[in-house]
Amino acid sequence: MFTQDTINRLKSAETPFYYYDLQLLDDTLKTCRTAADQYGYHVHYALKANFNPKVLQAIQSVGFGADCVSGNEVKASIQYGFSKDKVVFAGVGKTDREINAALDLDIFCFNVESVQELLVINDLAGAKGKKANVAIRINPNVDAHTHHFITTGLEENKFGVNVWQLPDVAFTLRNCANLNLIGIHFHIGSQITDLDAFKNLCTRVNELSDWFAEQGFNIKVLNVGGGLGVNYHSPDEDNIANFAAYFKVFNDFLQVKAGQEVHFELGRALVAQCASLIASVLYVKNGKKKNFLVLDAGMTELIRPMLYQAYHQIENLSQQLITTHNSQFTNYDVVGPICESTDCFRKDVELPESVRGDLIAIRTAGAYGEVMASHYNLRDQVQSVYSE
Ligand SMILES: *Cc1c(COP(=O)(O)O)cnc(C)c1O
């Protein structure tokens, strides 16, 4: 819910922009931190969800580590004050340049996704006279019951090594003098709301942790990834993800051996609810079959609906305070200005009768929103506005 004061403030800024509720971000981070601390769990923030400087500062200040998927994210995380011994570097296509940069920065761990990558890191570390900490990203073949566009833990996905390749991984590790295996890593998908998927993950992690122990490896870190979902349908009633229930599943089902640490890599659940994309209605096009609200924001500012068929709640802030029994509701296809037919935030959105100049909020846009903005159609860089 936006207060009238907030709406008045938003009216004075030029649309489109992302509006960040920094208080909600802070509350979310503290809730997560408290829930994780209860079990001594380590949390790394997945920078790719949102690398807005103010967001990074807030997250860094609660003491989380960083989960990076590019060399530039590794550099940014350290620039923003994340401790280098809490930085992990994942990704299926790390370049030599990125690996070298991360070796120079002495990060905590590389999450390695193939046997060939192990050999490359071993060579590059050797050339620097260094020993690299690695964790093997294993594809556990667990169905996350999430949208197939964002599932990552099945054998058909490009990520990680498959279980049948593990003997080759063990053989390679024994022959790589510049690698130090510290952990096993998993990430089964994103926007996971069915906690049973994590329960199934725990069962697989337990089996694989035993397998590595039998092979004589000392696995210090069980990194179970991220993926906790948020409520896109009720951003006000359910504005902080249930971190306590999430961590409890791992506490209940993960077998942690003496000396082992459990690490998480949360992105979306930490940042999704703290931002909305704010746009203005440019034109109202009423047709025989369809009514369109044409906004001044489109897929260049928020591509999730077009890329993953993602749902976002859409609200007309200007009509919010007009008493509902007076206002008439109309179904609109809410679209952007970009020259693509897919540039539609959602079809048949029931909204109060809207007019040119109305302020529209597209909610739960803090994760995979601003970071995926593009300059397609030579659009301006989307701006940000922050709560005080
Ligand atoms: C994207 C990603 C995450 C974060 O996923 P969320 O669904 O945003 O929590 C964690 N780990 C890895 C390896 C990732 O690629």
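Heads up, the Cβ atoms here are built off N, Cα and C, so glycines get one too.
TrEMBL does not curate its annotations; it predicts them automatically.
These come from TrEMBL:
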| type | residues | note |
| --- | --- | --- |
| ACT_SITE | CYS339 | active site, proton donor |
| DOMAIN | 17-366 | domain 'Orn/DAP/Arg decarboxylase 2 C-terminal' |
| DOMAIN | 29-272 | domain 'Orn/DAP/Arg decarboxylase 2 N-terminal' |
| MOD_RES | LYS48 | N6-(pyridoxal phosphate)lysine |
Between CYS339 (active site, proton donor) and LYS48 (N6-(pyridoxal phosphate)lysine), find the distance joining the two CA atoms and give it rounded to the nearest Å.
27
Can you name the residues of this chain that are 6 or more positions from the residue listed as 'N6-(pyridoxal phosphate)lysine' yet have a C-beta less than 8 Å from its C-beta?
CYS68, VAL69, GLU73, GLY267, TYR368, VAL371
Find the average pLDDT over the domain 'Orn/DAP/Arg decarboxylase 2 C-terminal' (17-366) in the predicted model and report it.
95
Please state whether DSSP places CYS339 (active site, proton donor) in a helix, a strand or coil.
coil
